[in-house]
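What follows is a set of notes on a single structure, which appears directly below.
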Amino acid sequence: MGRKCRKLLLKGIPICGVILLILWGYSLYNTLRFMVPGKATEPFTLSLSDVSDDTSAPGEMEKIPRVIHQLWKDENIPERWSNTVNSCRRQHPDENGWQFILWTDEKIMSFMNENYSWFMPVFHSYPYNIQKFDAARYFILYHYGGVYMDLDIGCKKPMDPLLSKATFILPSTEPIGYSNDWFAATPKHPFLYQAIHNLSKFNHRYFTKYPTVFLSAGPLFLSYQFCKYLLTPHEPVRVLPALLYGNGPNSFFSHVTGDSWHGTDAKVFIWIDRNSKSVLFFAFLAAFAILFLCLRVVFKRRRKRGIAASHSQIQELYP
């Protein structure tokens with residue numbers, strides 16, 4: 001009886017493992033299908049006609065406040081970003097109701113201590129300053145609403161048409177995911193509530209600086225949270241496609257090189273991304289070679305066992 005139970009367990013455990021793996025894979029696919037631009041994201045992706053000056057419905061009210069939040073360590077913005085910052089100020093003047101707020105390290109610490117002291121142990125535990133900047137932007141926009149944008153993003157035209165289209169807007173990135181270098185929201189938006197309350201769960205070191213930053217509080221963290229949010233009943237959210245967010249003629253924005261926090265590991269990941277076809281080809285060859293060697297070892301062992309078994313049978317027949 002015990003032997004039969006052991007056999008059933010030996011057969012059942014792998015089967016259960018496969019079933020659980022399939023269920024986990026389906027759940028992950030169901031969440032991450034929103035990562036890739038396509039049919040899943042079409043219903044809430046903004047088009048050029050959505051943001052044309054003459055497409056606003058009569059009486060359509062702006063949902064998102066006319067406040068632009070930006071972050072830097074102090075009041076002295078580097079010269080390399082002066083053109084982008086000034087372009088946004090020109091397109092969004094005070095007389096049109098726009099307000100600019102530059103959040104320095106000192107202002108961020110004061111704001112966080114005063115309003116979100118419960119998060120400060122996690123905030124102080126981040127090993128890299130960029131993680132603190134990433135987390136702070138979520139809290140600031142959750143608290144005040146408005147538009148967050150990095151200093152290396154310039155403005156080619158006013159963002160006014162975007163403010164009435166949804167309660168939250170996030171740009172998609174190619175080939176997959178969403179960016180956290182620009183996003184817009186109403187105050188106390190439920191998606192940002194979800195994001196800030198999940199930061200502590202993702203506060204881990206993921207080998208090197210680049211994946212740690214991206215997964216703990218950066219774009220991959222926000223992308224995953226956004227995909228999860230889309231699976232639940234939610235307020236109107238919209239995605240800003242590359243057509244309206246990239247460097248093209250119809251875009252609201254221009255982009256210059258930023259990412260001052262990138263290290264050597266980031267350069268490796270970026271190189272892999274830019275040479276993805278070659279990397280996949282050589283990875284396939286390596287996987288095939290490893291599989292071939294493993295099969296060769298297995299067949300050799302089986303052959304040796306077969307020869308040994310034959311010899312033992314012969315010895316039993318002819319002692």
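Start at 1 and count along the chain as shown; that gives each residue its number.
Placement of Cβ uses the backbone N, Cα and C atoms for every residue, glycine included.
In Swiss-Prot this protein carries:
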{"type": "TRANSMEM", "residues": "8-28", "note": "transmembrane segment"}
{"type": "CARBOHYD", "residues": "ASN115", "note": "N-linked glycosylation site"}
{"type": "CARBOHYD", "residues": "ASN198", "note": "N-linked glycosylation site"}
{"type": "TRANSMEM", "residues": "211-231", "note": "transmembrane segment"}
{"type": "TRANSMEM", "residues": "279-299", "note": "transmembrane segment"}
Q.
Same chain only, sequence gap of 6 or more: which residues have a CB within under 8 Å of the CB of ASN198 (N-linked glycosylation site)?
A. PHE221, GLN225
Q) In sequence order, what residues of the same chain, 6+ apart, have a Cβ less than 8 Å from the Cβ of ASN115 (N-linked glycosylation site)? A) PHE139, HIS143
